[in-house]
Amino acid sequence: MFSQFRKKFIGDRAFYRIVLSMVIPMILQNLVTNFVSLIDNIMVGSMGTEPMSGVSIVNQFIFVFNVTVFGAVAGPSIFGAQFFGKGDHEGQKYTFRFRLLICTAIIIAAAIIFEIFGSPLIKLFISKESDPQQSEEILVYGMDYLRIMVFSLIPFAIGQAYSSIVRECGETRIPMAGAMSAVGVNVLLDYGLIFGKLGMPAMGVKGAAIATVIAKTVEALVVVVWAHTHPQRNKYIVGAFHGFRIPRRLTADIIRRGTPLFINEFLWSLGMSVVAQCYSVRSTEVVAARNISSTMTNLFSSIYLQMGACIAILVGAKLGANKLKEARDLDNKLLFFAVAAASVVAVCMMPLAGLFPKFYNTEASVRSLAAYMIIIQALAMPMWGYTNACYFTLRSGGKTGITFLFDFGFTWLLMIPLAAVLSYFTSLDIRIVFAVVTLSEIVKVFIGYFMVRSNVWINNIVDDI
């Protein structure tokens, strides 16, 4: 029995060598990016609850933008991974053009929304029960931060357009190098511009925003410059800017398969913000505590999130090469590896729950609540690892309509109603509310299991293109 289990779910040394060589740079890149956010968060948090809450609320909006960009490049990335597996660099070039165009459109739309609706959006996350003076301070800090962070949208989106296709070519070290370069820049500028050190002016949350914009620009430039100076390893880049023509059929296919992903990522990220807003009606303390717990959880989530991205690339390449049985076998092993990795991360995360909140200059009640939230999120980590792997498995075969139902359906039909009812219409302690909503992920685990087991995702979508 164990031998059958081992054969199905555990790979040989060659398997782990291939997977780790790809996923470790991706994990390091994500870890570095989230570490920058962590340092930024701790430094802003040292200024007090109001600045931390204002920045936290705005970061919810930036989160929606970031995930929407991920969704926008996801559609062309499905085709890009399979074109790479097929050896069709011309096809890759067309998917690259599509990414640049859609990312530019999202930047413009987001900038307009933040400019017009920034203040009303921030007010939605400020509890009506909060002290009026405290509420006004949170709004002012939030708007100061948002007005500058708008400029980070450009390098982030363009950087993702490049990074996504560079990874599809198997080159995961360059995006990692970009992220690591950004860390040094961000930490140095954060320290100088937030607190007025190293001969720089003390600008508080404005300084934190400026540091982030510059760091994002550096990160994007590293990838962009490398891609253009290494055309032999990025064959799609040759002639990529000689016009922006994309074959009509491919455009239609990307839109048809990519639109559900784009809408899903936008609605999923929006849904997470709606859940956060439901929690926030309880008190400003909840906003601050969730900011602390999310900062730590995001750092540890890098492992399972990048395992999902690895699944999309490796399984997608097998499908594009028409090696369907190999794709199924590979996916089984990657799913198991993703859950095992997430479980190890969860075990490492729990002992730090009580320690991490102490880095913040805030009330003891906020630290206590944050520690509790970290423990609950650690318990959910293996489930998140599995459902994330299921999502990318379904996506690798172009079954984007199913992935839409899988992700969007769970978030909007179960998670949000649950959070809204428990937060608005019951007097349950926020700890119970948070635990019930977070651990409802178990429902999604069962849905993902049956979807992946059906083999509906085993599909070559570039064979006749």
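Along the chain as shown, residues are numbered 1 onward.
Every residue gets a Cβ built from N, Cα and C, even glycine.
Listed by sequence, the residues of this chain that lie at least six past the ends of the transmembrane segment (14-37) yet keep a Cβ under 8 A from its Cβ atoms are 59, 167, 170, 172-173, 175-176, 178-180, 182-183, 186-187, 212, 215, 219, 295, 298-299, 301-303, 305-307, 309-310, 313-314, 330, 333-334, 337. Annotation source TrEMBL lists transmembrane segment at 14-37 (among others).
TrEMBL lists 57-79 (among others) with the feature transmembrane segment. Long-range Cβ contacts of the transmembrane segment (57-79) within its own chain (Cβ-Cβ under 8 Å, at least 6 residues beyond either end) map to 37, 91, 95-96, 98-99, 102-103, 106, 110, 114, 121-122, 125-126, 138, 142, 145-146, 149, 152-153, 156-157, 160-161, 164-165, 168, 250, 253-255, 257-259, 261-266, 268-270, 272-273, 276, 287, 291, 312, 316, 395-396, 398, 400, 461-462, 465.
Feature annotation from TrEMBL assigns transmembrane segment to 100-126 (among others).
As annotated by TrEMBL, transmembrane segment applies to 138-162 (among others).
According to TrEMBL, the feature transmembrane segment maps to 174-195 (among others).
The transmembrane segment annotation in TrEMBL covers 207-227 (among others). Here the transmembrane segment (207-227) has Cβ contacts under 8 Å with residues 33, 36, 40, 43-44, 55, 144-145, 147-149, 151-152, 155-156, 158-159, 162-163, 166, 174-175, 177-179, 181-183, 185-186, 189-190, 192-194, 200-201, 234, 237 of the same chain, all six or more residues outside its ends.
Within the same chain, residues 18-19, 22-23, 26-27, 29-30, 77-78, 81-86, 167-168, 170, 330-331, 334-335, 337-338, 341-342, 345, 381, 384-385, 388-389, 391-393, 395-397, 458-463 sit at least 6 positions outside the transmembrane segment (303-322) and bring their C-beta atoms closer than 8 Å to a C-beta of that stretch. The transmembrane segment annotation in TrEMBL covers 303-322 (among others).
If you look up TrEMBL, you'll see 334-357 (among others) marked as transmembrane segment.
Per TrEMBL, transmembrane segment is recorded for 369-392 (among others).
Through the fold, the transmembrane segment (404-426) approaches residues 260-261, 263-264, 267-268, 271-272, 274-275, 278-279, 281-282, 390-391, 394, 432-433, 436-437, 440, 443-444, 447-448, 451 of its own chain, all at least 6 residues removed from its boundaries and within a Cβ separation under 8 Å. Residues annotated as transmembrane segment in TrEMBL: 404-426 (among others).
Within the chain, the transmembrane segment (432-452) has long-range Cβ neighbours (under 8 A, six or more residues past its boundaries) at 275, 279, 282, 331, 335, 372-373, 376-377, 379-380, 383-384, 386-387, 390-391, 393-394, 402, 406, 410, 414-415, 418-419, 422-423, 426. Here TrEMBL flags 432-452 (among others) as transmembrane segment.
Sequence-distant contacts of the transmembrane segment (369-392), counting only residues of its own chain at least 6 positions beyond either end whose CB sits under 8 Å from a CB of the stretch, comprise 285-286, 288-290, 292-293, 296-297, 300-301, 303-305, 307-309, 311-312, 315, 334-335, 338-339, 341-343, 345-347, 349-350, 352-354, 356-357, 360, 403, 406-407, 430-431, 434-435, 438-439, 441-442, 444-445, 448-449, 451-452. Packing against the transmembrane segment (138-162) from elsewhere in the chain are residues 50-51, 53-55, 57-58, 61-62, 65-66, 69-70, 73, 96, 99-100, 103-104, 106-107, 110-111, 114-115, 118-119, 122-123, 126, 130, 178, 204-206, 208-210, 212-213, 216-217, 219-221, 223-224, 227, 284: each is 6 or more residues past its ends and has a CB under 8 Å from a CB in it.
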